[in-house]
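**Student:** Residues annotated as region 'Disordered' in TrEMBL: 1-41. Sequence annotations record features per position, and here TrEMBL assigns compositional bias 'Low complexity' to 18-30. The Na(+) binding site annotation in TrEMBL covers V58, N62, S322, L421, S425. Annotation comment: TrEMBL describes 76-96, 126-148, 241-260, 272-299, 311-335, 347-369, 412-437, 449-466, 478-500, 520-541, 561-582 as transmembrane segment.
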Amino acid sequence: MTTPHVNPAFIGDDGIDDMGMPYKMKNSNSEPPPKEPKEREQWGKGVEFLMSCIAMSVGLGNVWRFPFTALDNGGGAFLIPYLVVLFLVGKPIYYLEMIIGQFSSRGSVKVFDLCPAMRGIGYGQAFMVFLLGTYYESICAIIGFYLVNSFMNPLPWAKCRPEWGDHCMDSAPKQQLGNGSLLKDGLNALTKLQRSTDIMEEELVGTRNRTISSSELYFVKEVLREKKNINDGIGLPNWELVLGLFVSWLCVFAIIIKGVRSSGKASYFLAIFPYVIMAVLLIRAVTLPGSMDGIIYFIKPDWSKILDPTVWYAAVTQCFYSLSVCFGNIIMYSSYNKFGHNVHRDATIVTGLDTCTSLLAGFTIFGILGHLAHEIGTDDIRSVVKGGAGLAFISYPDAIAKFQSLPQIFSVLFFLMLFVLGIGSNIAMTSCTVTAVRDYFPKVKQWQCALGIATVSFCIGLAYVTPGGQFILTLVDYFGASMIALFLGIAELYVLGWAYGVDRLCKDAEFMMGRKVGAYWRLCWGVVTPVIMTSILVYFLATYTPLKYNDAVYPSWAYGIGWTITSFGILQVPIWIVVGTIRAPGSSWTMKLKNAFKPTNDWGPSDPLLREQYNKEIANEAISNQNLGCLGYIRKNIFG
């Protein structure tokens, strides 16, 4: 039975408790009174935390990454592994990170006071999130470019341009391109369709022998100005995208300038607005001819791919991106919660809503792809457009161009929605880095830290808005996010599940929220989730092939940069094991190593009274576990 604990809410704002004693007089006299720490910020309302988590998790990972990941992995064949991974990996990790963040009121690095030797996990994740933030805003820069050009009439990607060649097909319906030349345009469109077997320009990688929509050519030629390869460098930044990058980072900085007090207020708009626009676009997509063929492709499984480990690996990485698990963002956000907040409810809401949003985006994008296949005259949904980052900037604009009336309004709303999604996700990433820095350097002001990180990130982001920028983005995404996230995620699970212990995690959750943790969570945290993640990592290493972008091989220097990024993130773990062991108390190296894997003396609730009561319960629990033995410990750790 858990000993009832006193809720810290009885302590007044003036620091006087209900016994009339000053808060600071409760400290033990056995140690020198510590410096009174500055009170940690908290969310203004619990709903602000929920909305912020929705804005963080429901973002470009759903609308941008999920559809093309499904497209690259067999459409419906991807859904089953994705849903299985969600329930066995995504949801358990999400709840786990919410618990430890809220319980300790520590950021993504300081939270590893629960096992100081493994603090390298937190540093590696902070580095990874920093890299993610740099390229997320480059995507927002592209979105901003589209947003500005959405005010043009007609939309600049709606109609082919002479310099694009005869293989181009107008995205807009013929009647929108009239002005006295309806018959001429109709004949031109028919001629272009008949030339769909012609050889395309060599500079468009992977676009041979197919007709290309004007929206795709606009993205490649006018927005990216993309190079065939980066053997001779990535080129100079596009000044229009540089301006978009600056505005994007300015928005992020303005929202996080006061921490959760400002970002919490912005979360209402960041979380709700995108759903309104997605609903409108879904209705439009399903009313287009041929859209049902694309939707059927999306939901119909290709059973031959269900057992393909590549699909399962893609499901795990997509789950990481979609929910932002093992990035440190969830730990950071929940660390600003009030002790006792019901994070179980919030975790259930966010993970469920995130999945629904991914499916909503999938139905929309595949409905559009089905319509494009219908227009071109092919049954192969997969061949309609190329995958990758360009999918959201090709298929969605193509559908908008087909709106019969005022497509500019829908285009502005759509790209504003996409911009909001990108900003919402990156607010969490940048805040995570800011929190990690300020947890160790509390004298640094919020705005100073935010400004410094935004400035450095902007400078790095200039590489992504060059003609070779998508090569670099894909490289950083692969080596700096997917690989690091998988490795550090596995390390995090084993540390929390076995070094710290599932049983102790469950007792922490019960102490904090007054509710027991079920067998499903115990089994996932202790066995199922770590085993699945480890299997995926082993498969990935066994089947590794050099990364390509649009079938173009990277030069040797690019692979060198990629592996350097991966090594820097992963090597934080062994480096900090050594550092943690050296710093740990003990008369011998064996004792030091053992103590380095134990929580620090100040680990636990931030409130001193609660921490004192918590330490007593842990001490009593340790006495009862003394004679368990190895098998007894394993049994108790998993089953309680």
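Glycine is no exception: its Cβ is also placed from the backbone N, Cα and C atoms.
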**Student:** Specify all same-chain residues, apart from the site residues V58, N62, S322, L421, S425, whose Cβ lies within 8 angstroms of the center of the Cβ atoms of the Na(+) site, ordered by sequence.
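**Tutor:** Close Cβ neighbours, site residues excluded: M56, S57, G59, L60, G61, V63, D354, T357, G424.
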**Student:** Is it true that the transmembrane segment (520-541) and the transmembrane segment (126-148) have 3 or more Cβ pairs under 8 Å, skipping pairs fewer than 6 apart in sequence?
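**Tutor:** These two stretches do not touch.
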**Student:** Would you count the other C-beta atoms found within 10 angstroms of the C-beta of S322 (Na(+) binding site) for me?
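**Tutor:** Result for S322 (Na(+) binding site): 25 other Cβ atoms within 10 Å.
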**Student:** Taking the transmembrane segment (347-369) as the reference, which of 76-96, 126-148, 241-260, 412-437 gives the largest number of Cβ pairs under 8 angstroms?
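**Tutor:** Selected stretch: 76-96, with the most Cβ pairs under 8 Å.
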**Student:** Pairs 6 or more apart in sequence, C-beta under 8 angstroms, 3 or more of them: is that satisfied by the transmembrane segment (412-437) and the transmembrane segment (561-582)?
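**Tutor:** Checked: the transmembrane segment (412-437) vs the transmembrane segment (561-582), no contact.
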**Student:** Look over the recorded stretches 76-96, 126-148, 272-299, 478-500, 561-582 and say which has the most C-beta pairs under 8 A to the transmembrane segment (449-466).
**Tutor:** 126-148
**Student:** What residues elsewhere in the chain lie close to the transmembrane segment (311-335), defined as a C-beta under 8 angstroms and at least 6 residues from its ends?
**Tutor:** 40, 49, 52-53, 56-57, 61-62, 65-66, 69, 72-74, 77-78, 81-82, 84-86, 89-90, 93-94, 97-102, 104-109, 111, 122, 125-126, 128-129, 132, 305, 343, 350-351, 354, 358, 425, 428-429, 431-432, 435-436, 481-482, 485-486, 488-489, 492, 532-533, 536, 539-540
**Student:** Which residues of the chain, 6 or more past the ends of the transmembrane segment (478-500), have a CB below 8 A from one of its CBs?
**Tutor:** 93, 96, 100, 112, 114-115, 118, 121, 124-125, 127-128, 131-132, 316-317, 320-321, 325-327, 525-526, 529-530, 533-534, 536-537, 540, 547, 561-563, 565-566, 569-570, 573, 597, 599, 637
**Student:** Is it possible to get the count of other C-beta atoms within 10 angstroms of the C-beta of V58 (Na(+) binding site)?
**Tutor:** 30
**Student:** Inside 10 Å of the Cβ of S425 (Na(+) binding site), count up the other Cβ atoms and send me the figure.
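**Tutor:** A 10 Å sphere around the Cβ of S425 (Na(+) binding site) contains 29 other Cβ atoms.
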**Student:** Which bits of the chain, at least 6 residues beyond where the transmembrane segment (561-582) starts or stops, bring a Cβ under 8 A of a Cβ in it?
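**Tutor:** Hits for the transmembrane segment (561-582): 116-121, 123-124, 127-128, 131, 475-476, 478-480, 483-484, 487-488, 491, 547, 554, 589, 592-593, 596.
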**Student:** Residues sitting near the transmembrane segment (272-299): Cβ under 8 Å, six or more positions beyond its termini, same chain?
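**Tutor:** Result: 51, 58, 63, 70, 75-76, 79, 357, 360-375, 379, 381, 396, 399, 402-403, 410, 413-414, 416-417, 420-421.
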